[in-house]
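Worksheet for the structure shown next.
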Amino acid sequence: MSPSLVDNHAAAYIAAPSSAKAPMIQKPGNTFGMSSPIESKFLSQPRDLGIVAVGFSGGQCKPGVDAAPSALIESGLLTQLREELGYRLHGDDEVHLYTDLVPKEDPPHRNMKNPRAVSNVTKRIAEQVHSHAKEGRLVLTLGGDHSIAIGTIAGSAKAIKERLGREIAVIWVDAHADINTPETSGSGNIHGMPVSFLTGLASEDKEEFFGWLKPDHLLSVKKLVYIGLRDVDPGEKRILRENGIKAFSMHDIDKHGIGRVMEMALGHIGNDTPIHLSFDVDALDPMWAPSTGTPVRGGLTLREGDFICECVHETGSLVAVDLVEVNPTLAAPNDVGAHETVRAGCSLVRCALGESLL
């Protein structure tokens, strides 16, 4: 990855790519009674878990989010998924940095910063996710900033359409709507635009600027649900209203409670639709997840975040999970914030993949 997207401090957290991609150990461990017995509706290999570790920060300007996959893995997440929840892990033990896809010069295009790098990397991610999803595996992607969801959702949408002839639904858990178009964005950071490209509200003909996105990569706005919103740009509010997109803000959660919100969210999607869960850790209140690039006070508790993940798992419809925007380099020296944010991220993933309290 070019120096413009990663600094030396962030690189210290990232495992150096191995010269050969060593396969992950695929033998499942014991579940010790901790894994939910929910039967998957849409996965032919529900105990097989495809892992994509994405060390990429080019969708925004703060270095360090590319260090998250290594921090999550070093904290024992993959070992927990294998030995405690009984998954067979597929993929490799490399955190992908995609340095070969990041051009030396990447001037803005239509107000987008690093457009070629983000387009190139998300196209590769789409291919990686698709390679797992087409085999009927559940796919877990560890980011990385939220621009990577252009790739993860495109890959799972394409695979599900090919394998089952169905469209996916997306539950987007985030403080932000990330549905700016290049023209409505105030910052030009693409991590605030992925949903507009995934729904076709923003598009490009040129391959180097997301022109690789085709109809089979895209998501219907009718199958999109937001949870946890509390920092939404004026242009995004207009987009949400004009397109009738289902969105539950923190006001809705305060008013109805997270249990009722999840009932309404899942009722909107329906029980016959594969679900891709994309979870930005900044959906949590900074009390629980301070080490993230755009924290916003007044967010979800960790227990509410875990509950969202548990509810999605209990549907039996989950086909893919993203965890994004953990930034372990933002904490001050001797600050426990990075550790707590990584712990929170691991908890969210485990709950989405079936960890139960009893």
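Cβ coordinates come from backbone N, Cα and C, glycine included.
The Mn(2+) 1 binding site feature in Swiss-Prot is assigned to His146, Asp174, Asp178, Asp280; the stated evidence is sequence analysis. Per Swiss-Prot, Mn(2+) 2 binding site is recorded for Asp174, His176, Asp280, Asp282. Among the features that Swiss-Prot reports, substrate binding site is placed at His176, Ala177, Asp178, Ile179, Asn180, Ser187, Gly188, Asn189, Asp233, Thr294, Glu325, with the record citing similarity to another entry.
Under the DSSP three-state reduction, His146 (Mn(2+) 1 binding site) is assigned to helix. Between the C-alpha atoms of Gly188 (substrate binding site) and Asp178 (Mn(2+) 1 binding site), the distance comes to 12 Å. For His146 (Mn(2+) 1 binding site) paired with His176 (Mn(2+) 2 binding site), the C-alpha to C-alpha distance reads 10 Å. Of all the binding-site residues listed (Asp174, Asp233, Asp280, Asp282, Glu325), Glu325 sits in the most crowded Cβ setting, with the most other Cβ atoms within 10 Å. Annotation: His176, Asp178 are the binding-site residues among Asp174, His176, Asp178, Asp280, Asp282 whose CA atoms are within 10 angstroms of the CA of Asp233 (substrate binding site). Residue pair Asp280 (Mn(2+) 1 binding site) / His176 (Mn(2+) 2 binding site) shows a Cα separation of 9 Å. Cα spacing between Asp174 (Mn(2+) 1 binding site) and Asp282 (Mn(2+) 2 binding site): 6 Å, rounded to the nearest whole number. The Cβ of Asn180 (substrate binding site) lies under 8 Å from the Cβ of Gly186, Gly192, Met193, Ser196, Asp233, Gly235, Glu236, Ile239, each of these being in the same chain and 6 or more residues away along the sequence. Cα separation, Asp178 (Mn(2+) 1 binding site) to Glu325 (substrate binding site), rounded: 13 Å.
Proximity of His176 (Mn(2+) 2 binding site) to non-local residues of its own chain (separation of 6 or more, Cβ distance below 8 Å) is seen for Gly192, Leu229, Asp231, Val232, Asp280, Asp282, Thr294, Val296, given in sequence order.
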